[in-house]
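The structure appears right after this line, and notes come after that.
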Amino acid sequence: FAGLADVSISEDIPVEGEITVPVGSHSPDEDYSTLDEPVKDTIMRDLKAVGKKFVHVMYPKKSSALLRDWDLWGPLVLCVSLALMLQGGSADSKDDGGPQFAEVFVIIWFGAVVITLNSKLLGGTISFFQSLCVLGYCVLPLTVAMLVCRLVLLAGSGTVSFIIRLIVVVAMFGWSTLASTAFLADSQPPNRKALVVYPIFLFYFVISWMILTFTPQ
């Protein structure tokens, strides 16, 4: 290697090639970014995406629609709506329903987190937030059941009222369970699906029981 000491990088060594980045013609759609769009368009696009997910829950089938473009806006709205309807107590009463609202909110989100962790530990192939998205959106039928029960309770709280509420809650409980399992079943190992479905069953059963036993103060 003695001869290499005399070699120096000079102008005699040609540097071939170009380091410039070729600039081609781009269409306006490629250069358009969501940061440049009006706020109204952004809000409308997000609302349409949430609405499509609601439709997929009301007509459940094995699909990746809720998993492909997940979000937590829908679950948050459903959770807040359900907690507000379950809190009872009017605004001018001594009990403003605050602890009940917090209780419902924590039960829904903590339950969804526990089920998601259970799914991941059993070998689920979906991400943490995808599972939260599915479980949250599938609370929609139970939220509808709570709304119907509140309307039925306005007419009275007799035996007929209880039977109507029981039928509605049981139907929506089955709907929520079937919808969530339809989206989550394929992401679990075949020999462990029962271990994933059972906590989901308990999760929606607890929410259904809270709805059925609710009586306004």
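The backbone N, Cα and C atoms fix where each Cβ goes, glycine too.
The annotation domain 'Yip1' is assigned in TrEMBL to 59-210.
The transmembrane segment annotation in TrEMBL covers 70-89 (among others).
Taken from TrEMBL, the feature transmembrane segment covers 101-122 (among others).
Annotation source TrEMBL lists transmembrane segment at 134-156 (among others).
Residues 57, 60-63, 66-67, 119, 124, 126, 131, 134-135, 138-142, 144-145, 148-149, 152-153, 196-197, 200-201, 204-205, 208, 211-212 of the same chain, all 6+ positions outside the transmembrane segment (162-184), place their C-beta atoms under 8 angstroms from a C-beta of that stretch. Feature annotation from TrEMBL assigns transmembrane segment to 162-184 (among others).
As annotated by TrEMBL, transmembrane segment applies to 196-215 (among others).
Long-range contacts of the transmembrane segment (196-215) within the same chain: residues 82, 86, 88, 104, 107-108, 111-112, 114-115, 118-119, 122, 124, 135, 138-139, 142, 145-146, 149, 153, 157, 165-166, 169-170, 172-173, 176-177, 180-181, 184-185, 188, each at least 6 residues beyond the stretch ends and with a Cβ under 8 Å from a Cβ of the stretch.
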